[in-house]
């Protein structure tokens, strides 16, 4: 982070703009909106600046820049077309420890003016640290279209309610009130239509509702790793959670979307190494929900595909704890797509099977004759430890040794690696990758030669 985002209170505080052209006009308009005491220093001024000066909105010093003008200033903006003057302003401001913005010169800025979306008192500021101002403006236009005008009124209303809401003794109940207020569709419509009386009645209803927090658990699929594959609903749940209980397979990029003041509890486990037993996880979810918290149980991939999500929900259902499920993109879909391997294809596979590499006893017990039939795709989850057994059983039951296979390590992530070869090499190929890895078996693997769009540089051919 090159610049810390910071909103400054400049009301009635002296600031200086060096320059009198169109850029100075734009900067002065922003500072006047912030109610700053603006001084313009330039020998010649744009008509708009002269007009503001005549109205008494700003002060003019019609002379060349001299360092004494910086005395007592909180901020200075250099907006001249003379690089040597801008450099002098920057040097003198730095010497006095005054924030300085030199227009179109990021290297000479101790402060950056962002692209702004104004829904006062709600403000959204976007900055590229001066490296791509046009990109910041384009993002502002996109976000501007998403934010309704009444958000400013809603923020003002929230400010008026702060003291009343502080009187609610329970911290979680206070946060629940704010969540209901900001997502209240009827209130939003009333504010947008200017129906102030009706809006106040809606707020009164919310304040009079029982404030007792009722806990619940939401089972959320985090997807296979790439945070861009997290669903919109999943993202919303992470932003609303009081507690997030997560597994080893959840990427740091996904965890970065968790609400900052939410408690994070790691319960990671892998085959043969359960740092937190499943029963303890079930009990943890119960305890947190009974405390009135909104709990997110975050699992890699999809929680209902080899994720033991069903077992956890059974425990919650038996205890009468409210729960819901947000599906995720399962590892088979994500890893195959990011490896250029379509799981089904009319010329190759009319069926796909997802198979766990080990059951709850740690064994791999399968209907091998059914798995060894042609024109299908097999996807083994958690199968690395049994790669040799998978190879032997499939070949023994009739699947040719030349059947293409792929092992996808860290699928969909920047670290993704794909090792491809033949079924008769599977045990050997498994030594070239680490967990978490997925095994894909079937002729669809050959299509990766043409369809690999994501990780060509990280794809290895089998021996």
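Cβ coordinates come from backbone N, Cα and C, glycine included.
Per Swiss-Prot, the candidate among 169, 224, 277, 436 that belongs to the S-adenosyl-L-methionine site alongside 300, 301, 302, 305, 330, 331, 382, 411 is 224. Residue 43 (NAD(+) binding site) has a Cβ environment of 10 other Cβ atoms inside 10 Å. Each residue contributes its Cα atom, and for residue 23 (NAD(+) binding site) and residue 128 (phosphoserine) those atoms are 19 Å apart.
Apart from the site residues 224, 300, 301, 302, 305, 330, 331, 382, 411, the chain places the Cβ of 223, 249, 306, 307, 328, 329, 332, 334, 335, 381, 438 no farther than 8 Å from the centroid of the site's Cβ atoms, the recorded S-adenosyl-L-methionine location. Taken together, the residues of the region 'Uroporphyrinogen-III C-methyltransferase' (215-463) have an average pLDDT of 91. In this structure the C-alpha atoms belonging to residue 411 (S-adenosyl-L-methionine binding site) and residue 247 (active site, proton acceptor) are separated by 16 Å. Within 8 Å of the centroid defined by the CB atoms of 22, 23, 43, 44, the record's NAD(+) site, lie the Cβ atoms of 19, 20, 21, 24, 42, 45, 46, 49, 79, 80, 81, excluding the listed residues themselves.
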